[in-house]
Each structure stands twice: as structure tokens, then as C-alpha cells.
Amino acid sequence: MAKDNNFNIQTIGTATIPSPIHLDQMTGDSIYKFIEEKDRILSDVTLQGFNTCLQNNEAPVCLEKAGPRERIFFRPENTTAAIVTCGGLCPGINNVIRSLVMALHYFYGIKRIIGIPFGYEGLSPTSNHSLKELTPDMVNDIHEFGGTMLGSSRGAQPVSEMVDMLENNKIDLLFAIGGDGTLKGANAIGDEIEKRQLPISVIGIPKTIDNDIDLIDKSFGFETAFDTAAPIIRDAHNEATGAYNGVSIVKLMGRDSGFIAASAAIAMPVVNFVLVPEMAFDLYGPNGFFEALKKRLELKNHAVIVVAEGAGQHLFEKEKQITDASGNVQHRDIGLLLKDKIKEYFDSQSIKTTIKYIDPSYIIRSAPANASDSVFCNRLAYHAVHGAMAGKTKFVVGMVNNQFVHLPISKVVHQRKKIDLAGEFWFAALQSTGQPFSMVQS
Ligand SMILES: Nc1ncnc2c1ncn2[C@@H]1O[C@H](COP(=O)(O)OP(=O)(O)O)[C@@H](O)[C@H]1O
Ligand SMILES: O=P(O)(O)OC[C@H]1O[C@](O)(COP(=O)(O)O)[C@@H](O)[C@@H]1O
């Protein structure tokens, strides 16, 4: 981190390969409004952020603005770009692929664009997947579909073999679309490239439906997720009101962070309880969930519960944890547990209930992006291409304080973003649902 004495700010910069070519010389009359290398945005524009810096005698932190640079590093006629998508699906991946291909092809004139099939697995020399040459025609309509046209995967591949593969296929730019794991992988690939002193740029585009990537305002697909969840919750409410003491439980994605569940609950104020991984709660006892649910049923004779998949894991008997191929903990089904235990609790008190458990999580994850996410995906992709062509490497594009910036990958992967249970957003979720503030683990 460099200290900028003129402005008394600290800047988190990104690694750049020196840039010899003037973009306007190359394209003639440029359509771009160039971003100056010195353009920065403050990473924390809140008064509280400034006050904290002043108190600690620290300079506020600034981030590099994303956008086209006047000087680029890669000569388009000799440049090959590759795109890889890893980890779980998320609305908008195809929009990002499409906009990357269009920007590479039409803005910079890059003719060779390679799609890596099935995540990092496709970069392994031992895999049987064949590389796909991508053209604008091939990607023209893919934004209309959810999922990823390239396929995805989890599981580790040897980094040196992946870099061999990039070298052998003369790839100059690698765009890695993925979450925490993918970005760690991209950073490891970038380190190996640096070690070999190769002029290859590695660019991360943060993808996670859970919205759990640190520092950035939001990740693409997250808004579509709670947008798609909203009508499902509305219908779940109809189910709940259609029976005496009807209880609908809707499970949404959210492995370690409950942003989708909490946002969906605020968006659809028929939700009475929102259970997230950040909040441990008791089932029994005066401040337990069941007592609160009982009060709710006594009052209104129906209830809607939205639960994030990672919530309530403390309620399962401790067993050996199961992990997926990438080492992520696979959670037990909290929705099923709640369904069974709620029935047991109310049956034991001879209170009749009708419980419906709805799990739309994978359907939501594979939906196409909504209009707002489509705009966001498009802009992320354009910025990723501009940063890459300027020779920047081991960086992610993201939005911070409503501005597109470059961040070193290493800065966003060291911890996951979670809901602040003392923060305004969580209070809004509790107020909107009417869930008792006291309903936490004693
Ligand atoms: N530290 C790492 N070094 C290299 N590759 C990694 C690392 N962490 C994760 N990966 C790889 O990144 C890919 C995606 O990771 P995963 O955790 O499944 O999804 P996500 O990127 O959505 O978090 C997997 O192929 C995984 O093996
Ligand atoms: O596809 P899988 O392996 O069942 O993954 C389920 C996980 O994927 C997610 O949808 C997204 O996780 P990633 O961001 O790590 O890809 C999580 O919410 C969920 O826990």
C-alpha cells in the first residue's frame, strides 16, 4: 500500500505490466473517456470511516478506478484471451461471458478468445474437455439463459499444470469468473505466472450468489436471487394462509452469509422469521424460536419462515463434517430439521399445524439475470477487459461505494463478508419481519 503525500491518502494499487501502446493510436478516433492512472476513489466515504482514520492517525484508503487506459500493454492482433467459470452457478454468468467476448472483439479487435470448459478442470492437461473458440455470434443470445455456457466445476487442479496449459495455448489474458475459491485459484495462477516472468494477465470477476465477497458493494447474481425468491415467498404465504396454523418454510442459498434470505425477507414483508447463518438461536426456551412461532400462530394462525441453508447448523448433532470437492463445508438440511421439529413441538402440545417445506434454492441459482444484474454484469465485464488490456494483473473488478474499481485479489479473499448483526441492515430485516430481537442463542 503506497502513501500519497499530496492527498494524505493511502492507495491500494494493483500490479501492472508496463504499458507501451497508446490506445488512441491503435483505434484512431477513440470512443473512450480515459481513466487517468492517478484517478482514485475513497474506499470508505462514511464520516465514521474518516473519523476512525483521524483517531488512529491513519490516512484514508483509496482504490484505483476501473476504466479504459490511454496506454495498453497487449497488442490486440497478437493477443489471446481465455475465460473460465468455476464454483456454483449464479445468475448472470452468461451475461459476463457475452460482454467479455463482445468487448474483447469489438473494442480491442481481439480475434482469438477461448472458452475453458468446466472450470479449472478444463485447464488441466489430463482432462478430456476440449477448449472452445468463442465468437460474438456464439455468445449473442446466451444472456437469455441461466447457468454457464462453459460449464463449471469444483475441485483442485495443480497450479503449475494450469499455467503450462496457458503457456502452451499462448493465452495472454485469463478471465476467471468465480467466488472465493476461484479467486484464490486465480491468485495462485498469477503467482506462478510471476515466478515464471510471463506477460500473462489474470483477472478475477467476483461471482457468488451468496454476496459474501469482502470489500465490494455486491456481487452479480445476488439481486436476481432475492428478486426470484420474492414471488416464491409470496406463494408460500398463500400456502400458509390456506390452512389453519399453516407454516411455510422457504430455504434459500447462503452457505455462511444470509444476505439473500434477509434481503428476500425485507423485499417480501409476508415473512415472519428469517434465520441466517450469522445468528445462532435456540429452538426451545422462553427466547427460543418455537415460543416465538407459537405466539405468532396464536395471533395470526399462519407463519412464513425464510431460512438460509447455512443457518442453524449448531442444531445438528456434531458429526464429521462433509466437504465438497473444493473443501467447502456441505451443510445439513436445516429446512427438513425445522419441519420435523416444529411438527414434533406442536404435536406434543396438541396444537394442530400444517407445515410446507419449499426448497427453490437451485432453481433460483440457475435463473437468468434480471435487468439490474444484466446491467451490472455488462459493466463488470467491460471494466475487466479494460484493466486486462492495460496490463493489470491479479486484480478483481468490483463496485465499491458505487464506483467500479480494481482491487488486488489478495485483498478480497482473506475473509468472507457477513451480515453485521449489530448493523442497520439486520435491524431492518428484524423490524420488517417482526421477529423478536431476543430470539438469539442464550
Ligand atoms: N487456494 C486455492 N488455490 C488454487 N485453487 C483453488 C484454491 N481454492 C479454491 N480453488 C479452486 O477454485 C475452484 C472454485 O472454488 P469453489 O470453492 O468450488 O467455488 P467458488 O469459487 O464459487 O468459491 C475449484 O476448482 C477449487 O479447487
Ligand atoms: O453446487 P453445490 O456444490 O451444491 O453448492 C452449493 C453452494 O453453492 C452456493 O450456491 C454458491 O457457493 P460458491 O459461491 O462457493 O460457488 C452456496 O450458496 C451453496 O452452499
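The backbone N, Cα and C atoms fix where each Cβ goes, and this holds for glycine too.
Feature annotation from TrEMBL assigns domain 'Phosphofructokinase' to 81-386.
Arg154 (ATP binding site) is surrounded by 19 other CB atoms, counting those within 10 A of its CB over all protein chains shown. Marked as ATP binding site by TrEMBL: Gly88, Arg154, Gly155, Gly179, Asp180, Gly181, Thr182.
Neighbour list (Asp180 (ATP binding site), Cβ cut-off 8 Å, at least 6 residues apart, same chain): Thr208, Asp212, Ile213, Val413, Arg416. What TrEMBL lists as Mg(2+) binding site is Asp180.
Residues annotated as site 'Important for substrate specificity' in TrEMBL: Gly181. According to its DSSP assignment, Gly181 (ATP binding site) is helical.
Within 10 Å of the C-beta atom of Thr208 (substrate binding site) sit 26 other C-beta atoms, taking all shown protein chains into account. The substrate binding site annotation in TrEMBL covers Thr208, Ile209, Asp210, Met253, Gly254, Arg255, Glu309, Tyr362, Ile363, Ile364, Arg365.
Under the heading active site, proton acceptor, TrEMBL lists Asp210. Asp210 (substrate binding site) carries neither a helix nor a strand DSSP state and counts as coil. The Cβ of Asp210 (substrate binding site) has Gly179, Ser219, Phe222, Met253, Gly254, Arg255, Asp256, Ser257, Phe259, Ile260 as same-chain neighbours under 8 Å, each 6 or more residues away in sequence.
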Gly88 (ATP binding site) and Arg365 (substrate binding site), Cα-Cα, nearest whole angstrom: 8
Candidate binding-site residues Gly88, Arg154, Gly155, Gly181, Thr182, pick with smallest Cα gap to Ile363 (substrate binding site): Gly88
In sequence order, those binding-site residues of Thr182, Thr208, Ile363 whose CB lies under 6 Å from ligand 2: Thr208
Those binding-site residues listed as Glu309, Ile363, Arg365, and which of them has the most Cβ atoms within 10 Å of its own Cβ: Glu309
